[in-house]
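As recorded in TrEMBL, the features of this protein are as follows:
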- 6-31: transmembrane segment (TRANSMEM)
- 43-63: transmembrane segment (TRANSMEM)
- 75-96: transmembrane segment (TRANSMEM)
- 103-124: transmembrane segment (TRANSMEM)
- 136-157: transmembrane segment (TRANSMEM)
- 164-186: transmembrane segment (TRANSMEM)
- 192-213: transmembrane segment (TRANSMEM)
Amino acid sequence: MSGLVHTIQFVFGILGNVASLFLFLVPTYTFKRIIKNKSTEQFSGIPYVMAFLNCLLTAWYGLPFITSSNILVTTINGTGATIELIYVLIFLLYAPNKQKRKILAIFVLVLVAFAAAAVISVLVFHGKNRELFCGIASTVFSIVMYAAPLSIIRLVITTKSVEYMPFLLSFAAILSCTSWFIYAILGMDPYIGISTGVGLTLGIVQLILYFCYCDKKILNKKTFAVEESQQNMDNGHNNDVKLYLP
């Protein structure tokens, strides 16, 4: 029976890798827009910095000398750390100076935090204590990463627009968290289970908000188009009047 459970867990680990890779690649559309417009607009860089830290810590947690049978966790999070680093660098390149300083400061703190956690886990802790320390660190910063889009949620509620909260990003987060949550339950891993459970909950909240405000986004665009058309008609009428004035 344990062999069957291990096989099912491995399958969900593979599904988690695929879903997570999809999640990591979803923001490429956003960054194409940033590069094209040479502006970060109202997009937030904090989720990408937090995702970078989460990937580093989770990849570290999955290494054989920390935990056993979690190599699938390390492979995808190592890949994710590389992708998120590219996103952060692009964001820093096009962000306004004030925002750039803020994101750069957070990025430096992230590197220091990971380096400190890695050194402490190797030099201070051993065996189960090492797993406990790395597991708690990974869980805490995973929750921070999943909570990072809360600023975007506030923006969506304030502006009543989902322009800066892409549907695919929320949907991919739900797929990824669901796969890893089941993987964690089968492997009885509380650290991965808690963090992905929180991520799954927040992903569902984002998806609900998207469906609440997506129609309003379309309505706002239509209203703007009508107003612009009316303004153009008024301007044309005024020009006609001026043309026939003596």
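All residue numbers here begin at 1 and follow the chain in the order shown.
Just so it is clear, glycine is given a Cβ too, placed from its N, Cα and C backbone atoms.
Most Cβ pairs within less than 8 Å of the transmembrane segment (136-157), among stretches 6-31, 43-63, 75-96, 164-186, belong to 43-63. The listed stretches are 6-31, 43-63, 164-186; of these, 43-63 has the most Cβ pairs under 8 Å to the transmembrane segment (75-96). Ranked by the number of CB pairs under 8 Å to the transmembrane segment (6-31), the listed stretches 43-63, 164-186, 192-213 are led by 164-186. Panel annotation: around the transmembrane segment (43-63), residues 27, 30, 34, 70-74, 77-78, 80-81, 84-85, 87-88, 91-92, 95, 99, 103, 106-107, 110, 113-114, 117-118, 121, 134-135, 137-138, 141-142, 144-145, 148-149, 151-152, 164, 191-192 of the same chain, lying at least six beyond its termini, place a Cβ under 8 Å from a Cβ of the stretch. Packing against the transmembrane segment (164-186) from elsewhere in the chain are residues 5, 8-9, 12-13, 15-16, 19-20, 22-23, 26-27, 29-30, 41-44, 146, 149, 152-153, 155-156, 192-193, 196-197, 199-200, 202-204, 206-207, 209-210, 214: each is 6 or more residues past its ends and has a CB under 8 Å from a CB in it.
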